[in-house]
Amino acid sequence: MRLENREGRPTSGVLEMELPQASAPSRAGLGSLGLVGLDSSNHRPQQGGSKAGSRGPYLSGAAGQSCWVPMDQDFGPFLTERRSHCPFPKHFSSRSKDPCFTENTPLLGSFSQEEGSRCIPVYRPEFITADEPWENSSAEWEGGALLSTELAVSSGSASTEKGELLDSAHIRCHLSKLRCCVQWLKVSGLFVFVVLCSILFSLYPDQGKFWQLLAVSPLESYSVNLSSHADSMLLQVDLAGALVASGPSHLGKEEHVAVEVTQANAPGSRRRRPQQVTHNWTIFLNPSGGEHTVMSRTFEVLSREPVSINIRASLQQTQIVPLLMAHQYLRASIEAQVTIAAVILAGVYVLIIFEIVHRTLAAMLGSLAALAALAVIGDRPTLTQVVEWIDFETLALLFGMMILVAIFSETGFFDYCAVKAYQLSRGRVWAMIIMLCLIAAVLSAFLDNVTTALLFTPVTIRLCEVLNLDPRQVLIAEVIFTNIGGAATAIGDPPNVIIVSNQELRKMGLDFAGFTAHMFAGICFVLLFSFPLLRLLYWNRKLYNKEPSEIVELKHEIHVWRLTAQRISPASREETAVRGLLLEKVLSLERLLARRLHSFHRQISQEDKNWETNIQELQKKHRISDRTLLTKCVTVLGLVIFMFFLNSFVPGVHLDLGWIAILGAIWLLILADIHDFEIILHRVEWATLLFFAALFILMEALAHLHLIEYVGEQTALLIKMVPEDQRLAAAIIVVVWVSAIASSLIDNIPFTATMIPVLLNLSRDPEISLPAPPLMYALALGACLGGNGTLIGASANVVCAGIAEQHGYGFSFMEFFRLGFPMMVVSCMVGMCYLLVAHVVMGWN
């Protein structure tokens, strides 16, 4: 397009527009170039260019399609051309000789009736697909789609531009076909994988465990001979009773059970008689009785000879010990099982990192693959066992708190908190972000991280909407500091609770007060280094949205309306009609957005100069909508949080966190007098709950495949290789980083439970003689801070991402990884240095 006067200089008097056309079989060449002129004096279409009339009418199948509307005040002096998926007339002129274009032609006749009408091509926003994000639409509007008066080029350059547009159209066509092929391959591959896992899982039956009751004493032992299977590589022996994972250091003075597994080795060519190989397994008894504990151990099957199991007891106070024993053969070695588990875990992370499927579906696929692997090796669990693997306490906590937050949000309290936070920060964005992160870290030290994320995420989202900030960046920073603050106390994070609850560690002096004092000092140093690092990582990132708040809110409103329409299943005629009305609403909002995108151009500074004026406007707009309901919500939520504290310090309260959250949700549902319960259920993040359920099954299946046990054993071997004078420092470094990396990849709860007996055995080994408390502090720091490494490394990360996605601000795995992983590395480095100074230099053991 170019604007020229009769003297050849660019002007607004004559407007020439060229439309690139695709080739057609009946025409020669790749396309035709048509010029339409608009006289600025009388606004009548006229022939522009001497060769315009000789080129004939335009061909069908334009490479770039446009919809033509009159120019008015909403659009300004812009001319926009954009591809769409609808046919349109290629040429409009009152003097056109083409019989295909008349006054009755759609989109043309109504505009040509009035003499003073001027027409421009405008992109039709209703043809935006669901896969095309609105974040990129404004850049395309303002950049590649505007035809301005600065493009004064010759006819030769116009032909070059036409060829480039045709090449671009071909490239887009090929990319579209490639995307279709990739989509087809993805669906086909995943379907074949699921079918294969289902077949493998169904081919091998559930063997079940036959538990045999036996009684052992110092005078009587129990012996049994087992016939070996041809395809067996391992023998797994399970014992159940009043057992403990590890015993005190004085092994000879404590009651224990000794298990001997003996088998004849396969005879070699030079041996006439097979050699007997005996494996010993010592299990310590709980002197107080305690609860029923199941312990397992695998032994290598050396040959097809029968296996002999002998169990005897070393007792002092009791006369006889009742036990339950079961055994089963496995068809894969430890190394093969660990390899299978690592491949499954890597596959799950590939699905999540590259967003091939939703993270919930990725966890479900990983669980199915792990269950199929267990079935193949001969350890297929029953449905009852799989359900028992799910941590229902965590799910109950999530569900109850989601109900509380859903009702709480109806009061307008989150909007009020957002305005107050803006007022306290006096319009300074970074002061507000640091204040939010610090409050989240302090609260998570005394509350569960999941509870803190559930309470803070809606407030942060509303605050960012008020200030025209990108909520994703603020939410990621906030949840990172939530995980850091949770490591400060013994009740802030589940790994800390597991460590403090261990009876053997309590006997060593690792109680609640000592653990909290030691960890709190280390986390303070971590916070001092984390805040400057956060500012450094966000140095070149614009936290403000690139567009005005009106445009951002309108785009978000379109996204929410579209999601609402997609979630309505057309099961009845009324629901189909409602879905149609919602889609019409989406189209009307997209048209409104298209008009507003051409009338706004604003640069936003990093500090709001008019924050006092904005505060007055925001206080009028965002108020408490229901004070009665707010009073009820604050009362119930305060009581729930008080019970959380009471549960940690008062042993007489026989309610765990899940029960407290569920009871609080029931109380608030009664007080709020909720009639339409389905509205509240729609606010629950069911995808997040399913993700946690699938993740619990996946982690437990990987534990049955000996992945976590293998990591612990390799960690112990690595520590033993270090010289004795440097062993404590090496042990702290190894435990911190192994725990951090493992916790960023797998759930930190089973990893912590597995590493505690491994580290206790290291501390009791006379060849190593390491103090246990420094190892436990290193384990706690690594397990808690390692959750910041990936999106699924901590429960709070997943909860925050789920709530943000429900509000239309979901962030991907890589978006979290770009900030979370550097923060994890630096925080673990600072925590490691603190432990080295405290325990190696100062000797605080």
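Cβ atoms are placed via backbone N, Cα and C, with glycine included.
Feature list (source: Swiss-Prot):
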COMPBIAS  26-40  compositional bias 'Low complexity'
REGION    1-57  region 'Disordered'
TOPO_DOM  1-183  topological domain 'Extracellular'
TOPO_DOM  205-337  topological domain 'Cytoplasmic'
TOPO_DOM  382-393  topological domain 'Cytoplasmic'
TOPO_DOM  415-429  topological domain 'Extracellular'
TOPO_DOM  451-513  topological domain 'Cytoplasmic'
TOPO_DOM  535-629  topological domain 'Extracellular'
TOPO_DOM  673-687  topological domain 'Extracellular'
TOPO_DOM  709-730  topological domain 'Cytoplasmic'
TOPO_DOM  752-773  topological domain 'Extracellular'
TOPO_DOM  795-820  topological domain 'Cytoplasmic'
TOPO_DOM  842-845  topological domain 'Extracellular'
TRANSMEM  184-204  transmembrane segment
TRANSMEM  338-358  transmembrane segment
TRANSMEM  361-381  transmembrane segment
TRANSMEM  394-414  transmembrane segment
TRANSMEM  430-450  transmembrane segment
TRANSMEM  514-534  transmembrane segment
TRANSMEM  630-650  transmembrane segment
TRANSMEM  652-672  transmembrane segment
TRANSMEM  688-708  transmembrane segment
TRANSMEM  731-751  transmembrane segment
TRANSMEM  774-794  transmembrane segment
TRANSMEM  821-841  transmembrane segment
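Among the recorded stretches 361-381, 430-450, 731-751, 774-794, 821-841, the one sharing the largest number of Cβ pairs closer than 8 Å with the transmembrane segment (514-534) is 821-841. As a quick check, the transmembrane segment (652-672) and the transmembrane segment (774-794) miss the bar of 3 or more Cβ pairs under 8 A, pairs 6 or more apart, so the two do not touch. As a quick check, the transmembrane segment (394-414) and the transmembrane segment (630-650) clear the bar of 3 or more Cβ pairs under 8 A, pairs 6 or more apart, so the two touch. Counting Cβ pairs under 8 Å that are 6 or more residues apart, the transmembrane segment (731-751) and the transmembrane segment (821-841) reach 3 or more and are in contact. Helix, strand and coil content of the topological domain 'Cytoplasmic' (382-393), in residues and according to DSSP, is 9 helix, 0 strand, 3 coil.
The transmembrane segment (774-794) shares the most Cβ pairs under 8 Å with 821-841, out of the stretches 184-204, 338-358, 430-450, 630-650, 821-841. Under DSSP, residues within the topological domain 'Cytoplasmic' (709-730) fall into helix, strand and coil as 19 helix, 0 strand, 3 coil.
Below 8 A, the CB atoms of the transmembrane segment (184-204) and the transmembrane segment (361-381) form 3+ pairs separated by six or more positions in the chain. Remark: secondary structure over the topological domain 'Cytoplasmic' (795-820) totals 20 helix, 0 strand, 6 coil, with classes taken from DSSP. Helix, strand and coil content of the topological domain 'Cytoplasmic' (205-337), in residues and according to DSSP, is 7 helix, 65 strand, 61 coil. Across the topological domain 'Extracellular' (752-773), DSSP classifies residues as 15 helix, 0 strand, 7 coil. Mean pLDDT for the topological domain 'Cytoplasmic' (709-730) in the predicted structure: 89. Remote same-chain residues near the transmembrane segment (821-841) are listed as 480, 484, 518, 521-523, 525-526, 529-530, 533-534, 537, 728-729, 732-733, 736-737, 740, 744, 771, 774, 777-778, 781-782, 785-786, 788-790 (criterion: CB distance under 8 Å, separation of at least six residues from the stretch ends).
Under 8 Å from some Cβ of the topological domain 'Extracellular' (673-687) lie the Cβ atoms of residues 358, 360, 398-399, 402-403, 405-407, 409, 799, 802-803, 805-806, all in the same chain and six or more residues away from its ends. Across the range of the topological domain 'Cytoplasmic' (451-513), the DSSP-based residue counts are 48 helix, 1 strand, 14 coil.
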